[in-house]
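Novice: The transmembrane segment annotation in TrEMBL covers 12-35, 79-98, 104-124, 145-164, 170-196, 227-249, 261-279, 349-371, 378-400. The domain 'Major facilitator superfamily (MFS) profile' feature in TrEMBL is assigned to 224-420.
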Amino acid sequence: MREAPWRLMEHNVQLVFLFTVVYWSANSIISQHILSGYVYVLTASKAPVGLVKGIQGLVQLLCALPAGYAADHTRRDRILILAGVVGVAASVLTALAFELGDVLIIYLAFGIWGAFTAFQSSAMEALFADSVPMGQRSAPFTLKYVMRNVALVLGPVTAILLLWKYGDAWTLAALSPVLIFGTSLTALSMVLLFQFDDDLAFENRQAPVRPVSACCGMLDAGHVPYLLFLSDFIVSNGMGLVTAFFPLFFLQEYNLSPVRVQTLFALQSLGVALLSFLAQMASSSTGRMPIVVITRVLGTLSLLLMAVSHDVTDQSVLFLAHGAFMQCTDPLRRSVLMDFVPKSHRARWASLAGLTAASWAGSAVLGGIIVDSYGYRLCFLVAALVYICGLALETILIPLTRHATESVEYLKLYTRPSFP
């Protein structure tokens, strides 16, 4: 098999980076805090806010395993083409829903977005891992994640400009044009999904390598993917309880305007991007999982303090810290996962990682019930307790992954050519 050096700007890697910026800029407009405010104003109830995310998560949950299986048993670029077709259909229906102000069409549209996410994320994550050599994944994964968070800043900034034009108020007349613009940008990003090519992936031009092996008592490397999935599943459920309701929390508790809420979310995304870089740099000497655990602990403490604080400035700072610490090590976790699973199973494991996002959306329904019945602060406490359960499993992963250090020595010890 022909040897070829890996370069950061190979074809599929470039496309992943470009799609990440364009798609997540649009996604941050149509499916996050502006959407929460729009649905709340449209229905005069918090429950539908969680229901929109719940429907999206349920469909993603149902499609995740079939999508991962398909991407492992056929060309990943074909699955991305299928996702592109679904994404265009979802964009058109979403724009129609916002134009008509029909909550039932919104439910249907975001159900289709759940199917899109299942197929797109599993195939793209696996193809991205195929395009980067083992032992070098944390830096490109972190760069992709930073680009995503920069895009999550571009979305709110665009929304702020549009809100200044249409009115800085929580009204349908002000929010609808912003959401329709975001939907148009989302449809444009789908064009990139038709450009990927499996044949250009780095590992498809190399001799295959075996995944990392390590041992620690009764548990070994074979348990790492399962523990990663389970811990992330638990933590994501905790985040799902509160994330969709932060805009409403600041609206109802502190009467913040849409522009001020958008500014907070933009600053949070910048914080995630900055901490992601710092976490990746620190992981080169401490290992990846210790950094994951440390940042999750700090994020949990921030949410606990939000449950007892009442000053708007303190709440704003704690909100920024919670989001940044809880999310900044996601690329480190994903790079560990891809190092510990064989190439032939990557899309399936990526789809399981997608189940955590589905559970995040599903738990938003429960979060809406808790908020309606007991208030925001009790919901924060419940979410923090869920975080602690996930943290216990992540702590177990520290000794299990201690050998997976990204270095030249690591490559020599744990990646030997294996020919069929």
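Using the three backbone atoms N, Cα and C, a Cβ is placed for every residue, glycine included.
TrEMBL does not curate its annotations; it predicts them automatically.
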Novice: With CB pairs under 8 Å as the measure, which of the listed stretches 12-35, 104-124, 145-164, 261-279 comes out on top against the transmembrane segment (170-196)?
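Specialist: By the under-8 Å Cβ criterion, the transmembrane segment (170-196) pairs most with 12-35.
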Novice: Determine which residues of the chain contact the transmembrane segment (79-98) at the Cβ level, with the cut-off under 8 Å and only residues 6 or more beyond its ends counted.
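Specialist: Distant Cβ neighbours of the transmembrane segment (79-98) are 30, 38, 67, 70-71, 105-106, 108-110, 112-113, 115-116, 119-120, 122-124, 127, 176, 179-180, 183-184, 186-187, 189-191, 193-194, 196, 347.
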Novice: Can you tell me which recorded stretch out of 104-124, 227-249, 261-279 has the most Cβ pairs within less than 8 Å of the transmembrane segment (378-400)?
Specialist: 227-249
